[in-house]
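In what follows, a single structure is set out as structure tokens and then discussed.
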């Protein structure tokens, strides 16, 4: 059936819009593998070499396309055999709708490939030989329908003409049974004589309209019989019937009645259905041979076959039997019996939480096999935020970002694309899409307090834990992993007793992983009373983000220094000591005070014999009897709430409280 012809590639149209484009090509069927259909990359506006770099490719939709994109050149070429009849049957034009994707950035283009017909199928009769009988009393002009041929091609290649081998008794008359089919009728032109020629052998030839034309033949074997001279006749030659595609098996299609004016056995009629177009009609339609009732024996499907054409023959039981014929056209009406189908053709996940509005997350294809309003589909996405649908072409949609994402609020979305057709009642289809959100470092570590107040007794052990600090970072993985350090860049340190400046990091350190604040050396109240510094928390993101907190460390005094006598003439009495008391006395200062309490202790030695014990008393109370109370055990460091006004802290704490100690000379 194949014929040689020049293969021409015709670019019908190449145009696209910002949200999607369409390119149309045509190629004849049976084109050889490797045949260039069109310069796809160039028609899409891609530069040389860009097709391979941006991964120009076809998207499969479950149907063999028989074409592919050449990676190097970006041309659309034939990859396997193109058979228009296999792809589209009798539908014309035969167009394949392809989706083409390019990346960086992701874009979709639509290509319509028309497969043009070539004359590669010869007409084909249903049988090689048709045998029938004609009564010799048949009058000239009697007509006998013949089984017509069929041609799988379309257009002019499927337009059939018929010729009959030379005979003086018959001729052909071509009748249009409907707008699509031509049926040959055998017409008797001269009375038959069984005794002269009991059997006629003729050849019926069907030729199509292709160039060159192809032909098919069928042999006609006509037996001439005597007797019965009246054939059954229908009241009309064509019956047109409509049935919905959801009609159940056994539904009545039509009730036919053929009458025969003969009497007795010659008027008894039997019915037979023949010449189905398409031939699959014999599987779903049957006629009762006695009553002429035509009923469904199978299911109808508008999407498969929309019209059935067939003949009904009414044959009597005379000798010879005579027959009458009529044609039936059954039109199948569409009902909404196919729900929309949603397919995800491309998915780009996870989506970073800083993705811009309008980012394409997925490409979807929506289809409904029904026709008319039943096949018109409306699509929506649920929930309505933060994603939306954008129609890029008939049946094609993009799932795009409508609102900004925040992984710390929602880390994953379950999106459902819903499709509803326009039928009554409408049918729905849906497709779920899981869209995870990937983290970016958009949250800095944050401490619970801007200022932390810590109390620690002096003479603590080196390595003693002073406090634990913690900063929260809601990001995940490295973006949320926090490390701590004493920040030398902040205001932190103290003037040492020797007159120099010592940084805070020489007194304390913080564990990088846990945030544990610990002492590097024992603290000495007489050297340092208040230590203020900053602790920095830095995450491991790229770029890293950080947060700071101020720590105010107050050293609590312990009674770890004995009174010391000053040399004579080194200083006068302090405030609050009378002139009389100052005469002939030596003044000394003792500092042993807590920031949390105000205590005053004076040591006094009276005139007379020396005392082995010193008496401890408070200036506000009489001296207590008995021995001096022992010092209580130091309490562990405490983390205090910071006052609303940090300056108040320094007003409420006496850095050095002086008291006078009078020692008798």
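Positions of Cβ are set from backbone N, Cα and C atoms, glycine also.
Here the structure is a predicted model, which means the values were calculated and not measured.
Pulled from TrEMBL, these are the features on record:
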SIGNAL    1-21  signal peptide
DOMAIN    26-125  domain 'Cadherin'
DOMAIN    126-234  domain 'Cadherin'
DOMAIN    235-342  domain 'Cadherin'
DOMAIN    343-447  domain 'Cadherin'
DOMAIN    448-565  domain 'Cadherin'
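Residue counts of the domain 'Cadherin' (448-565) by helix, strand and coil are 7 helix, 52 strand, 59 coil (DSSP-based). It is 343-447 that, among the stretches 235-342, 343-447, 448-565, forms the most Cβ pairs under 8 Å with the domain 'Cadherin' (26-125).
Helix, strand and coil residue tallies for the domain 'Cadherin' (343-447), in that order: 4 helix, 57 strand, 44 coil [DSSP].
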